[in-house]
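Below you'll find the structure I mean.
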Amino acid sequence: MSQLYTTVIGLEVHVQLATKSKLFCRCSTQFGAEPNTQTCSVCLGLPGSLPVMNRTAFDLSLKTAVALNCVIPKFTKWDRKQYYYPDLPKAYQISQYDLPMSSAGWLEISDEKGSFEPKRVRITRAHLEEDAGKSIHDEAAGKADSEIDLNRTGTPLLEIVSEPDLSSSAEAKAYLQELKLLLTHIGVSDCNMQEGSLRVDANINLHIDTPEGKIATPIVEIKNMNSFRAVERALDYEAPRQFRVWQETGQKIGEAPKQTRGWDDSAGVTRGQRSKEESSDYRYFPDPDLVPVLVTDDQVAEARKSLGELPADLRNRFVQEYGLSAYDASVIVNQGQGVTNYFEQVARESGDAKSACKWVTQDILRLLKDGEQEINAIGVSAANLAGMISAVNDGKLPKPRAKEAFELMLSTGSTAQQAIQELGIEQVDESALVELCRELLDKNPRVVADVQSGKVQAIGALIGQAKKLNPNVDPGRFREICLELAMESSSSE
Amino acid sequence: MSSHSSLIESSATAQLELLMRGDLFSVELTQAYLDSIASRDANVGAFLRVEKDRALAQAASVDKRRQSNKPLGKLAGLPVAVKDVLCDQDTITTCASRMLENFRAPYDSTVVAKLKAADAILIGRTNMDEFAMGGSTENSAFQITRNPWDLERAPGGSSGGAAACVAADMAPLSIGTDTGGSIRQPAGLCGVVGLKPTYGRVSRFGLVAFASSLDQVGPLARTSQDAALLLETIAGHDLRDATSLDRPVPAYSQSVAEPLAGVRIGLVREHFAEGLDSEVASAVRDAVAVYESLGATVKEISLPHSKHAVATYYVIAPCEASSNLARYDGVHYGHRTDEAEMLEELAAERKALEAAKDEVGLSRLDSSLVRMYRKSRSEGFGAEVKRRIMLGTYALSAGYYDAYYLKALKVRRLIRQDFDEAFREVDLIAGPVTAQTAFKIGEMVDDPLSMYLVDLYTVSANLAGIPGISLPCGFDKSGLPIGLQLLAPPLEEERLLRGAHMYEQATDWHQRRPEI
Ligand SMILES: [Zn+2]
């Protein structure tokens, strides 16, 4: 990107909280059930029904807000956001308007490859709200029938709004990855984008240096981005598009209304969406059916305590405690808690963090990427990998054959010990090795002569022969003994 | 027939005693009331639906269980009428609106569930102003209810059917709801006892909401003793209503007969201003004199912000109503416009606009969804409901919120503070329920503003969340009942009931009966 402009991006992320039941009723939040089977009078908004807050949902949002370094006010309330839509049965969504449950936090992002400087992205606010239902529009055959599934209605969502602190698609992606890592790490959400547990809208505009000074272009909100990759592509598309528009129209912020554009993933473009017919006046007001929530210092302290070690803490500790490079620590921690725990177990049990890191970042990660597998589904358990590293370090498994053992363990689920046996690897007795050396040296007087005249590398020819006779021969040790014997025979002459 | 009429004229408490002693069968009692309904309700119109078969079956079941000494609920065998705004599982709850004409709730409201658990006989559903909006029951989409004391006059509202059925001995007990006076005002105009509990005292779960922060369910009865019995049955904490209060329910019916010794009564200076009918004023002053004769001390107090109460109420209640009633859009349940007709209508409009090349008109033409909303709501709601939805929608709109809703909330706080101050000096506040006795049917239909002023003395209690009771304290020259209102601090229903009871012991207004 040239120096013509800087990109300014803020993200609004909706995260579905990992509760068993909905925010204001006891219906299940399980994904994928038959349409309209997970509803009740409350989430259907039937006359006379009343919402009652799900305390677990609030506790999870509190935990998240604390992890995002937010300020937690002592008093927060519920508001009704009112609009008509068939998938919103009460014709209002219970949300939080002017007194959200948290605000003014931050999340630190960095890139292990160094494509941008580490930075703190400010979080404007995070608030709880209920989800709407799902409209399914079937416009086939001219019959524009719509269907509505209210299973999702009332599911707890945490809306996390960032300040416009992101200045590239790479930063936006890093922010999303770090956010997802954090939220899955503390267990508040599965952040599954396919199932809609994590949804992203982006606000983007440009700051352009002109001879008349710095100007800002109108803000565009991008929707319909269904993966982090889509977010990255949409932003990469949108920034130069806005620059072209500015070159054509010269329109500055405030001179055009905020526009909403949808990302078309297959075409790779953003398209203007028809703005809502009536300007959106949601007529927010406090929900009289719910009481405000009072948050005590103790509850905040409890939430903080429940967080444990966060990803950023883990990265630091891996550098300090295991001597990993910052890069390796990031690579491991960014894989999520499964890989992180796996690495720690291997490192602890083998007592060799360097090797553990090497095996995890190379072999294990390759396996995860190849089959898109869960770490727990991999044939080599952490204990077995640790056992293998120990076997190498103890000389029970020759290093060059470790890979072979690993592959076997992977396919059979066996321990290092079993693999070593299976492969017929056994330590060659020292006297047998000396015997073998003698035998080969006797058969190859030229080699002996070469060695004696200083051509030490001549031994190499014998190593191959030795391996053929006994595959368990440790080439290093064989070489040492041969050299010793060859020199001995020279001095004894 | 004479034994019948003495039976249904006796108090619910007396009837319950007979039932418990085995001297009266519930079937007998229920049938007596069904007969009374059959002969009187054609004139009064208190009931929207009489649940004859179900009531008799319930009564038979109670009688059977009593005979075999099975445990029974505390109202076992007593008929109770329920305002048609509280859901009763699988039966219709209309809120006297076309919108919900065929709506069957798949659940019981907590109050109905408690009545069922108490083995009360649910005898029928009473008429009301549509969605409880109004003070005359004339806003019902289905029928007019007449005041049993003068069939040309309104029973008040919105719980007009609830008050009229008790006044005309068509039910010993009935359940009403009170958002701005909807229990106390019709009770006053019909000469019965009506109590609005402290906000949160009775669960709102299953009560179809009008204005959530003001709505309360309460009892109507002939006497404070009977009201105490019904209140203690329906009150209590409910986990399904986040605004319900987690406080123990006193045994009101046990304590009601204890007089309040040396009770300090406050008379509100602002209540005796212009607009108050002189006969009402003197009846109230006489009632206060009765209290003095019973050892009460009387003190004049001031509620300086009460003059803003009606204005405050008519911002807050419509704001909440506009939101609560938005769900009736014809999509999921309730009235939906004839879609084929609607689509035809739209197509015709489009054609006309196209013919006229009216681009602006075309761009403004409703989508079929929006037209479905518009037509369903415009057909389903009556005029008063629409008026309040529009008031509330306006007051919550961007740019008006602070000036109306937020300001109203502030005044509401001041009104509550006035009461807090007053109750430092007095135990009860006494005053009129309404400025006038019952008005003629149709008299105020075209004058919504004066209809709103009917709530003048009652709305403050809803805004402040405090309990209030209305009890008969006399009759005017035309023979129409006059109501006395007592107000108490939050959760002091017991004090209200004891105060009312001690007055009833000294007077006989509550024993008079209308001739129908
Ligand atoms: Zn539900």
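Any Cβ shown, glycine's included, is placed from N, Cα and C.
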In TrEMBL, which of the ranges B:28-55, B:112-139, B:336-363, B:420-447 has the coiled coil annotation?
B:336-363
Where B:Ser182 (active site, acyl-ester intermediate) and B:Lys83 (active site, charge relay system) are concerned, what is their Cα separation in Å, rounded?
11
Across all chains shown, how many C-beta atoms besides its own are within 10 angstroms of the C-beta of B:Ser158 (active site, charge relay system)?
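The answer is 35.
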How many other Cβ atoms sit within 10 Å of the Cβ of B:Lys83 (active site, charge relay system)?
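Around the Cβ of B:Lys83 (active site, charge relay system), 32 other Cβ atoms lie within 10 Å.
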Specify the count of other C-beta atoms within 10 Å of the C-beta of B:Ser182 (active site, acyl-ester intermediate).
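I count 37 other Cβ atoms within 10 Å of it.
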Looking only at the domain 'Amidase' (B:28-497), report the model's average pLDDT.
96
